[in-house]
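Student: Pasting in a structure now, in C-alpha cells, and then I'll have a few things to ask.
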C-alpha cells in the first residue's frame, strides 16, 4: 500500500518592513514627550495616528483626544495629528491662545508645500485621494480654490478642468501605489501637459509595505493585515494582497478579531501591519497562529528602513530651554525589537 505524501508544514510569512513608519513614530513620541514635559492633560486634535490601541494607550497616560480645536480649553496645549491640518486650524488655535505642537508627518508637510507652490503659479491641482480623509482635508485647505479631488481612475476619466495646459497633480501619501499610477495615466492621457510634483507623494513606508505584502501574497493562502479600519494605508494592504495573488486577506485590529474558520485549508499565512501599528499587536497575532500550529515564521524582506524624523521644533525649543537632550523616546526599530 502506497503511503500518502506528507502534509505541507504550516508556516507564517512575516512581511518586512511592517508597522510603525518614521512619521508615526515621531507623532507618538511627540505626544509622549509633551506629557513628560508639561504633564497631563495634553490635548490632541483628532487621533494622533489611525490606530485605536495607540490612542487608548496615550489616553491612559493623560492625553485627551478632541475632534476640533474649539473643544480645547483656552491657553492649553494641543498636539496636531500626523495627518496634517488646514491653515484654518492654526488660526483657530491662535485665537484660543493654544500652545500648538505640530506633529504633522514631514512627508505630508511636503505635499502641503507643493499645493501652495502650484496654486501660487496659477495651476489647477488635481489631488488624488479619498474624500474626507484627514490628510486630504488638510491638503485641500492649503489652496481650496485651486484643488479638485480625484478618487481613483474612474473619477479621473470624468474630472473637468478650466485649462488643460495648466494642470498639476498631487496625491494623498497613503494610497495604493498601483492605483495611483493608473489614475495618473488616465489624467495624463486626458491632459498631456499634466505637471508632476517634484517627487513622488506616496510615502516611502506606504510603498515599502505594499512591496513586502506583494511578495508574501504571491505564495500565501491567507494574508492577515493588522491595522484599524480607519487606517488608509492598512486598508490598502488588504487590497494589494488580494490583487497580488492571495486567496483571502483580512484586516484585524488585533488577534481577537481573527476568525478561526479563515484557516480552513490554509497552510501558509502571510502577516503584515499598517504604518500606525505597534509591533506588540503583530506579536499577539503570531502567538495566536502558533497556538494553532503555525509556529514556523519566515521573515520576507522587501526593504530595510532607517529613516528617523526629529521631534517638532516646538518641543526641541522647549527641551533646549530646559537644558535637556533633544532625544526621542525610542526609534521604531528599538520598539520593534523590544516588543519581539
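Cβ coordinates are placed from backbone N, Cα and C, and glycine is handled just like the others.
Per Swiss-Prot, active site, proton donor is recorded for 135. What Swiss-Prot lists as [4Fe-4S] cluster binding site is 21, 105, 203, and the listing cites sequence analysis. Residues annotated as (2E)-4-hydroxy-3-methylbut-2-enyl diphosphate binding site in Swiss-Prot, with sequence analysis given as evidence: 50, 83, 133, 173, 231, 232, 233, 276. Summarising the annotation, Swiss-Prot assigns dimethylallyl diphosphate binding site to 50, 83, 133, 231, 232, 233, 276. What Swiss-Prot records for 50, 83, 133, 231, 232, 233, 276 is isopentenyl diphosphate binding site, and it gives sequence analysis as the kind of evidence. The region 'Disordered' annotation in Swiss-Prot covers 320-340.
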Student: Compute the mean position of the Cβ atoms of 50, 83, 133, 173, 231, 232, 233, 276, which form the recorded (2E)-4-hydroxy-3-methylbut-2-enyl diphosphate site, and then list in sequence order the other residues of that chain whose Cβ is within 8 Å of it.
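Tutor: My list of surrounding residues reads 49, 134, 135, 174, 230, 234, 274, 275.
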Student: Going by C-alpha distance, which of the recorded positions 105, 135, 203 is nearest to residue 231 ((2E)-4-hydroxy-3-methylbut-2-enyl diphosphate binding site)?
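Tutor: Answer for the nearest of the recorded positions: 135.
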Student: Residue 105 ([4Fe-4S] cluster binding site): which of the binding-site residues 50, 233, 276 have a C-alpha within 10 angstroms of it?
Tutor: none
Student: Just to be sure I understand the packing, how many Cβ atoms besides its own are within 10 Å of the Cβ of residue 276 ((2E)-4-hydroxy-3-methylbut-2-enyl diphosphate binding site)?
Tutor: 31
Student: Which of the three DSSP-derived classes (helix, strand, coil) applies to residue 133 ((2E)-4-hydroxy-3-methylbut-2-enyl diphosphate binding site)?
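Tutor: In three-state terms, residue 133 ((2E)-4-hydroxy-3-methylbut-2-enyl diphosphate binding site) counts as coil.
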Student: To test your reading of the [4Fe-4S] cluster site: which residues beyond 21, 105, 203, same chain only, put their Cβ within 8 Å of the Cβ centroid of those residues?
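Tutor: What remains near the Cβ centre is 22, 23, 24, 82, 107, 108, 173, 174, 204, 205, 206, 275.
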Student: Looking only at Cβ atoms, how many others are within 10 Å of the one on residue 203 ([4Fe-4S] cluster binding site)?
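Tutor: Counting Cβ neighbours of residue 203 ([4Fe-4S] cluster binding site) within 10 Å gives 25.
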Student: Which site among 50, 133 has the most other CB atoms no more than 10 Å from its CB, taking these as binding-site residues?
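Tutor: Checking each of 50, 133, the winner is 50.
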Student: Nearest to residue 232 ((2E)-4-hydroxy-3-methylbut-2-enyl diphosphate binding site) by Cα, among 21, 135, 203 (recorded positions)?
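Tutor: Nearest in space to residue 232 ((2E)-4-hydroxy-3-methylbut-2-enyl diphosphate binding site), counting only the recorded positions, is 135.
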Student: Given the binding-site residues 21, 105, which one is most crowded in terms of C-beta atoms within 10 angstroms?
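Tutor: Result of the Cβ crowding comparison: 21.
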Student: In terms of DSSP three-state secondary structure, what is the assignment for residue 232 ((2E)-4-hydroxy-3-methylbut-2-enyl diphosphate binding site)?
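Tutor: Its secondary structure by DSSP: helix.
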Student: Using a 10 Å radius around its CB, how many other CB atoms surround residue 83 ((2E)-4-hydroxy-3-methylbut-2-enyl diphosphate binding site)?
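Tutor: Result for residue 83 ((2E)-4-hydroxy-3-methylbut-2-enyl diphosphate binding site): 27 neighbouring Cβ atoms inside 10 Å.
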Student: Cα-Cα, whole number of Å: residue 203 ([4Fe-4S] cluster binding site) versus residue 233 ((2E)-4-hydroxy-3-methylbut-2-enyl diphosphate binding site)?
Tutor: 10
